[in-house]
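> Got these off TrEMBL a minute ago, pasting:
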- 5-237: domain 'Starch synthase catalytic' (DOMAIN)
- Lys17: ADP-alpha-D-glucose binding site (BINDING)
- 290-438: domain 'Glycosyl transferase family 1' (DOMAIN)
Amino acid sequence: MTMQLLSVASEIYPLVKTGGLADVVGALPAALASQGVAARTLVPGYPSVLARLGKTKAVRRYDSLFGEKAALLAAKLDGLDLLVLDAPAFFARDGGPYGGPDGTDWPDNWRRFAALSRVGADIAEGAIKDWRPDIVHVHDWQAALTAAYMRFGPAHAVPKLVTIHNLAFQGRFAADIFPALGLPPEAWGVDGVEYYGGVGYLKAGLVSADAITTVSPSYAQEIRSPDHGMGLDGLINGRIDRLHGILNGVDTDIWNPAEDPLIPRRFSGRSLGARAGNRRALEEAFGLDQDDAPLFIIVSRLTWQKGMDLMIDAIDHLVGLGGKLALLGSGDRALEGAFLAAADRHRGRIAARIGYDEPLSHLMQGGGDAILIPSRFEPCGLTQLYGLRYGCLPVVARVGGLADTVIDANDAAVNAGAATGIVFAPNDPLALHGAIARTARLHRDRPIWQAMQRAAMRADVSWTSSAARYAALYRDLLAEAA
Ligand SMILES: Nc1ncnc2c1ncn2[C@@H]1O[C@H](COP(=O)(O)OP(=O)(O)O[C@H]2O[C@H](CO)[C@@H](O)[C@H](O)[C@H]2O)[C@@H](O)[C@H]1O
C-alpha cells in the first residue's frame, strides 16, 4: 500500500530557493514515488509561490492562526503535490523568505515558522478532510517545531522525522515567546523546547523526533563532536540510536548535460569535446580571456561556512599558476567586495558575478574545468554533485558530504580509473594552494583529466539509493509505532 507522507519545509525548488534545502525538498517527492511513498509538501505562501500556483483549492481555513487569518491551499505544480499556507500577515512581504530586502531577519520569524509548524501538526491531527499522513518528515529549524507540536498533541503516535540540512541555523529565540507558542507547560524544559535559557526550534525538533537524519553519513559523525556540533553535540550523542546519515542526490532530469537546455552544447562522457563550446560561452559571459588554461568555477553562498575567505587569499596563487576563475555568488558584503576587487586586479583571469542566477550556474558547470569548494563544514553539498555530473571536477575540502562523494586523484585512484576530483585536508591556506596546484598539473595531462571526467560523470549522484533508504527508515518507524 502506498505510504502517505507529509513533508514540511520553508523552501522548495522551483518555487522558492535560497540554497540546497530547496533542491532537496523539491526532488524528494518524485524520488520517493518510485519507492511507494506519496509525498505532499507543506510550504509557506510567499508571493513567489502564490504567483506560480494555478488552480488551488482551500482545504482548511483559519480565523485565527497566531491571531491572523489564513487558508491552507492544495495545488499541483511541476509534479509536486503542494499544501500552501496562505497567511498574508506572515508571508506576503517583499524580500526573501527569512528577511527584508536589506537582508536582516524578520523580527517575527518565530511566529511565522511556528505558524507553519502548527499547521503541519494540524494536518497530522486530521485538519484536512480526506487526507491524513502516515508519517511526517520536517526539514531544518523552520519546520522543526512541527515535531514538538505533534509530540505534545493528539498526533503524538504519528512517526516524525527531522532532517538537519545545516546545524548552523537553529532558530533560537528569547524565552518570553514560549507562552505564545501554544505548547503545554511541560514542553518547557531541557527535554522540550528550552535551549540555553531561550527557545530552540531545531533543538525542540531533535528531542521530539522519532528519527533524525543528516544529509551525509560523514556529517552525522562530525556533529557528534564539539567542533561541528554547534552546541547540540551533547543532545545528538544522547540520541545516537536515532541518528542516520542519508546522502543527498540531485534531480538528474534538471541536471543532465546530455539534455540541458541551459547550455549551448550538450554532451556526454563520450563527447567531452563539446564542452569547449560551453567553455567559450562561459568565458564570454564573464569577460574572461579565451584560452585553454584551467578554468575554475565557484557557485556558492559567500560565507565563512563555504571557506570563501580562504578562497580570497588563494586567488593570487591561482592566477600565478596560470588559472582562471569565474565566480557566481552572494552573501557577506565584505566577501562580495573582496571578490570584485580581485576581479579588478586580475582582469581577464578572475571574474565575479554577485547575485543569484540559476541558468548561469548550469553554463558554469557545463563549461568549467573544476569547481572549487573549500568548505569549513558541509552537511552534504550539492554543487560538487552537479560538478561530477557535468565533468566539472570538484576540488573539495575533506569534510562532510564532500568527503563522502568525491574520490581524490591520488596515484592509486588515478591508476584504477576511480578518481573523480581533488580532495584536500586540512582546510587551510597551504592545503588549498596545494590542491589548486595539483588540479592545474592534472589538467595539463589530457588523458588523465578526461579519464577523471568520465569517471566523475559515471558516478551515481541520483536519488535512487537514498530514496530507498528514506523509504526503509519510514517503514521502520511505522513498524515501531504499530
Ligand atoms: N549565486 C548562485 N546562483 C545560482 N545558484 C546558486 C548560487 N549560490 C548557490 N546556488 C545553488 O544553491 C544550491 C546550494 O546548495 P549547497 O548544497 O551547496 O548548499 P547550502 O549550504 O545552501 O545547503 C545546505 O543544505 C543542503 C541540502 O541538504 C546541503 O547539501 C548543504 O551541505 C547545506 O549547507 C546549489 O543548487 C547551488 O547551485
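Residue numbers in this text run from 1 along the chain shown.
Backbone N, Cα and C atoms are what each Cβ position is placed from, and that goes for glycine too.
What TrEMBL says about a protein is an automatic prediction, not a curated fact.
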> Run through the Cβ atoms and count how many others sit within 10 Å of the one on Lys17 (ADP-alpha-D-glucose binding site).
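So the Cβ neighbour count for Lys17 (ADP-alpha-D-glucose binding site) comes to 18.
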> Over the domain 'Starch synthase catalytic' (5-237), what is the model's mean pLDDT?
97
> Look up Lys17 (ADP-alpha-D-glucose binding site) in the DSSP assignment and report helix, strand or coil.
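For Lys17 (ADP-alpha-D-glucose binding site) - judged by DSSP and reduced to three states - the answer is coil.
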